[in-house]
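**Q** Okay, here's the structure, questions in a sec.
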Amino acid sequence: MLLMFIMLPLLILCCLSDRQHKIWILIAVTFLFLFFIFVIGLRDSNYGLDIVTYYGIFNDPSYYILDEKGLYFLNYVLKIISDEYVFFAISYSVILNSLLLLLYRCFSKELFLLYFALTLSSFIFFQINFNIYRQGLAVILVLLAMYCAFKGDIFLSIFIVIVAFCFHKASIIGFFLIAISFFNIKFKPGYAYVALFSSIVTFHDSVFLYITNVLVELFPLYANSITEYVRLTGSDIIQSSSFNHRNIPLMVSLLFYAVYYNPVALDSDGLMNRFSDKVATISCFILFISSLFTSNVLLYDRIIIFCQLLSPVLTVSVLGIFFKRESKTRIAILFICILQLVFTLLIWGPRNFIPEYEFLSL
């Protein structure tokens, strides 16, 4: 309940701070950074699965051998300043969440706090901070690269994906996202309907096995990782991913985006603009591809995460079209954020090794 008490005022600030009152945007961002430092950074080491492992790697690179060397380099730079646990935890929190805030700020100077509030209140924020830090960092970089490609800076986008690849091999998906962003691949409602249908039905394990065999042939670098995923598929260790209630906000937003889709609106500066159109196209692609890997929940999660961090763009766009007035849209988003936060802290958290929040004992 402590975390609920801390985060509710943050969500209210983020959702109700609009561009007409810039001082409130500044206040909201300030309090977000205080939250990154003093709450996420100073959480107890038992709050989340991976923080102890990452600190072990921080102290000794041989503690856990990684194929990608980006994290080693980041740790080396940070250790020049200090190797204390408190500095490590705060640095990791500020780096990841600052990049996430920057990502949404690039997407929209007016709406970025709404995007961040929707992510902050959802399970994915806790997942990337506490359980899958390295991949979370890589995914955020890939989405920044996607935006650079959308703006036409193809060389910068490729460079960012290469940097992301140094943190996690799943970043290879970034090259596909760059292609969709850079080239004139337009959204069509049919894409959404196919992606949504594929995410509901269950593909046979033979589809997963066939695709993984093809991937091993195309990308030998991933052979060991993919082979391990195949070995674990169907075992008691790794289960399949059935219909995932966590993706309901994404799926509902994509459905309504397709229903309300109006190509004429793409020529305006409204909420359904060209970037939202591109996000919808990419979400369809990711949602469909991830559905082919539901036989292995770990592999599925490594793909769908790109959609999960993009879904706030679609949610805000759809609600803006539905309510028409900005004030009503912001209140609706605040209501959604509160519901998400309650679900995340009271239901999802205890089931995913995230107990009641405790501060670090200094």
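Just so it is clear, glycine is given a Cβ too, placed from its N, Cα and C backbone atoms.
The structure displayed is predicted, hence computed values, not measured ones.
Quick paste from TrEMBL:
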{"type": "TRANSMEM", "residues": "24-42", "note": "transmembrane segment"}
{"type": "TRANSMEM", "residues": "85-104", "note": "transmembrane segment"}
{"type": "TRANSMEM", "residues": "111-134", "note": "transmembrane segment"}
{"type": "TRANSMEM", "residues": "154-183", "note": "transmembrane segment"}
{"type": "TRANSMEM", "residues": "190-211", "note": "transmembrane segment"}
{"type": "TRANSMEM", "residues": "248-266", "note": "transmembrane segment"}
{"type": "TRANSMEM", "residues": "278-297", "note": "transmembrane segment"}
{"type": "TRANSMEM", "residues": "303-323", "note": "transmembrane segment"}
{"type": "TRANSMEM", "residues": "330-349", "note": "transmembrane segment"}
**Q** So which residues does the transmembrane segment (303-323) touch in its own chain, when a touch means Cβ under 8 Å and the partner is 6 or more beyond its ends?
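**A** Counting only partners 6 or more residues beyond its ends, the transmembrane segment (303-323) has Cβ contacts under 8 Å with 100, 103-104, 107, 111, 114-116, 118-119, 122, 124, 127-128, 132, 135-136, 139-140, 142-143, 170, 173, 177, 244, 246-247, 249-250, 253-254, 256-257, 260, 270-272, 275-276, 279-280, 282-283, 286-287, 289-290, 293, 329, 332-333, 336.
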**Q** Among the recorded stretches 111-134, 190-211, 278-297, which has the greatest number of Cβ pairs closer than 8 Å to the transmembrane segment (330-349)?
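**A** Answer is 111-134, with the largest number of Cβ pairs below 8 Å.
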**Q** Could you give the residue numbers and ranges of same-chain residues that sit at least 6 residues beyond the transmembrane segment (278-297) on either side and whose C-beta is under 8 angstroms from one of its C-beta atoms?
**A** 146, 150, 173, 176-177, 180-181, 185-187, 191-192, 194-196, 198-199, 201-203, 205, 207-209, 211, 229-230, 232-234, 238-242, 247, 250-251, 254, 257-258, 261, 303-304, 306-307, 310-311, 313-314
